[in-house]
Each structure stands twice: as structure tokens, then as C-alpha cells.
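Here is what TrEMBL says about this protein:
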COMPBIAS  51-76  compositional bias 'Polar residues'
DOMAIN    108-187  domain 'Opacity-associated protein A LysM-like'
DOMAIN    202-322  domain 'Csd3-like second N-terminal'
DOMAIN    334-429  domain 'M23ase beta-sheet core'
REGION    50-80  region 'Disordered'
TRANSMEM  12-30  transmembrane segment
Amino acid sequence: MNQRLKQFPKRHLLLATTIAASIMGVMALLPSGDVEAKRNEIPMTIDALQPQESAPELTSSITTSQPEPFISSQSTDKAEASIKELEQESDAKALAKAAYDLEQQLGKWHNITIKSGDNLSALFNAQGLSASVVYQVASTPKYGDTLARIRPGESLEFRINQEGTLTQLRYEKSKLESIFFTKADDGYLAELVTLSPEIRPTYASGTIESSLFLASQKAGLSQNLTMELAGIFGWDIDFVQDIRSGDTFNVLYEEKYLEGEKLGDGDILVASFTNQGQTFTAVRYTDSQGDTDYYTPDGKSMKKAFLRTPVDFTRISSRYNPDRLHPIFKTKRPHRAVDYAAPMNTPIKAAGDGRVQFSGWQNGYGNVVFIEHPNNIVTIYAHANKLTGLKKGQRVRQGQIIAYVGKTGWATGPHLHYEFRVNGVHRNPMTVKLPDAAPIAKKEMANFKKQSELMIARLEKQSDTLLATQ
């Protein structure tokens, strides 16, 4: 009976159900005799009630004072829900069977986490797979060679069927990026699968008591976000020399989630930093060419054409001083540079874009690099332990590593000796006015203003809300 019912469309089954309900309602309302009041006669031929032989046509008379028979929407909903429930049960069984059949054909997944010292051959061998299978997978066009660069913490998922054939392999490079290898007739096919995380804007603020690092840690910012924050405002604020107790910051940044799990932090969207009573605001903006940078609310670049300090130093061991007593020669010699003490082999970065004027050894400087910049500016980086092999005339970009801190030449300890010359004249690197980088292009200004005003308003709203709750 159930099999025969399944042959009929759901719409027909619903119709049959509701008609049957209507008939029962009509029969309950049938009078015992003719009614002389105003009436509508509704002829109904009920073939379903005569399985053996034909019966005379049954006619019912219903007065206008009685309601016409109707089909309850609640009854219809119940009937439809019952049919849908049966269909869902049938679909679930079909899906379960399909999943079982697929598992029998392809095998179950087995996950392993790569550890230090693991190699591809050993991992495959542990799964009972031969060297020829390793070769086939590693030779897969486009993505096979990525398996030669597996790292601890990444994972491999093997799918091996009952015949011992590797039917699928999943190489998870990160939570958002995996490569799937699938068995084909003549080897394996590979596909890169990239997931997009959910981005949640998040607000944080802090007040500095002793250092930016401790204040940002207390505010819940990661170390990477703290470094990014310092990098954004680093052209205007020296986070070693200028920071004062009571300085404040407000940050609106991205957090990345996948299926409810936090994966990490994204970019800072907008931030403000108040240093010694002066507030700086930076907004992240991507132009029509896809270039992204941070700008002031009026469209000026947060960057300067030069880094204020080209090395992550621990202290200033010697300041710019025309009357300094030389520590080696014990004579009064001008010190037209700033010495930044730092651990041995700390990276030294190019302060700005330019071309290499000299890279090599000079007596007092030891290992040294001279970089020529636009507007007749030359920067000098001396006493390096080792250089990066730059050649004369080679172009370098701001922030590019050009050498590593050392104590070569006339130096008593590891530090960077940094000079800044304009038209051949020495200037104090700590106080010289640095030229700005390029501002927002005119054609981008309207769109930038619209976006920046919105972001700044969101930051201020969050800040006001926090203050109101304190």
C-alpha cells in the first residue's frame, strides 16, 4: 500500500486527504428531509463509496444559514507535514546509504599531524603506501611539489580503501587552505581549496603606564597587532623616547573566525594614539589599484619618506653631538650620527627608497652601506657584522634589510652608527624633518573621505560607549 502511495505526486496525496475531510464534514451536516428555506444545492458524486456496484447520485441540500464546508489550513498543514516527514526520513536513509557506499569505495579518513623530523616517504610508509605512490602524488602537476615543503604542525589526511589504494589525500597547510589529491586513471589530480573566514570588527583601547607592550597586552591586543600599531604611528612617535605615562590608544581591528573558532587577527582598520596631549589618527584605505596604506583623516600618508629609526634597538648609546669625547681616541671629536645599541646580527633596514652608493669595508666604519635618496639625501649604516651583498647602483626599498648589527671598524660594542646627510651636510637623524610620502590621489579623495569618516565615526562611538560604562 505504501509503495502504491509513493507512485502519486505529493500534490495529489494532499488533495485526496483534504477531499476526504470535506466529505466527512458534509455527511455530518446532511438533513433528514428537504428544507424549505433558501438554499444552494451542491451535487456531489462519490465514486469512492461504491466499490461493488453503481449507486444512485447522492444530492445534498444545504441552507444558506449553514456555513459552506471548508478545508482547515491547520489540517492541510498537518497533512503536508506528515508527508514531508516521510520524505525526509526516506531522504535521510538514502543519504546514509550513499555515504556508506562512498566510504566502502573510497575508505575512511585517517588524520596525522606532521612532527619535527617527519618526511613524506616515512609518513606514506606508515600508512602502508609504497614509494611509487609517494612519487605519483608528489609528481601531480601544479601542487605536487608543495608536499616537499611540509612543516611541523601541518596535517595530512589519508583516505585508503579496502584494496589498500590511496583514493584521496588532503594536505592542510592552514585552517583556510588545503590541497586535495584525488586518484585518477593515470595518477592523481590536485585542487587547491581556500576557505574565507568570517571577519569580525573588534575594538580595544588602553592607557599606558610604563610601556606600549604592557598596555596593549592588558587591552587584549596580540603581539603582532601591537607591532602593527607601533608601525603605523612610528613615523610620528618614537615609542622608545616619546612615550609617556597617561598616553592612550583606541583601535578598531579585524578578528578572523571559521565555524566559530578564532583563527587570528586581521588588519587594523582605524586607530588613534594620543601622545603627550597630541592625538594622531590613522585610517586604512585600499585604492582603485588595490594598493593599501594608512592615511590621516585629510588624506596624508602616515608614512614618511624615511624611517625615523632603521633598526629595532634596545637603547641609544650615543646621540648626535658635535662636541662628543670619542670613546676610543679620548679626544674631542664631533659625533654627527646616532648610535643605536642592539644585539649582534639585529637586522638593519633601509630608511627610505634609493640606490646603493657604496656597500663594503671602510676603515673607521667597518662594514658600511651608503644609500643615495631623492632630494640629495644620503643615509649611512656603519659597523655592520655582515652585509647582504648589495651592489653599487642597486635599487633598495624602504624597510629592506641591507645589513646586520655588529661592531666592525672603530666600535667598542654591537650597535648601528646611523648618519643622515642633506646636500652633504650632516643632520641629526632624530630631529631632522622627514619628507612625507605620497598622499591620497585626487581621483581617490571623495571615496577616501566617505570611507574614512565612517570608520572614524565607528571608532569614536566605541570609545564613547566605553567611557559611558566606566
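Placement of Cβ uses the backbone N, Cα and C atoms for every residue, glycine included.
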Please spell out the DSSP helix, strand and coil residue counts for the domain 'M23ase beta-sheet core' (334-429).
0 helix, 55 strand, 41 coil
Integer average pLDDT (0 to 100) for the domain 'Opacity-associated protein A LysM-like' (108-187):
93
So, by DSSP, how many helix, strand and coil residues make up the domain 'Csd3-like second N-terminal' (202-322)?
18 helix, 53 strand, 50 coil
Taking DSSP states H, G and I as helix and E and B as strand, how many residues of the domain 'Opacity-associated protein A LysM-like' (108-187) are helix, strand and coil?
21 helix, 30 strand, 29 coil
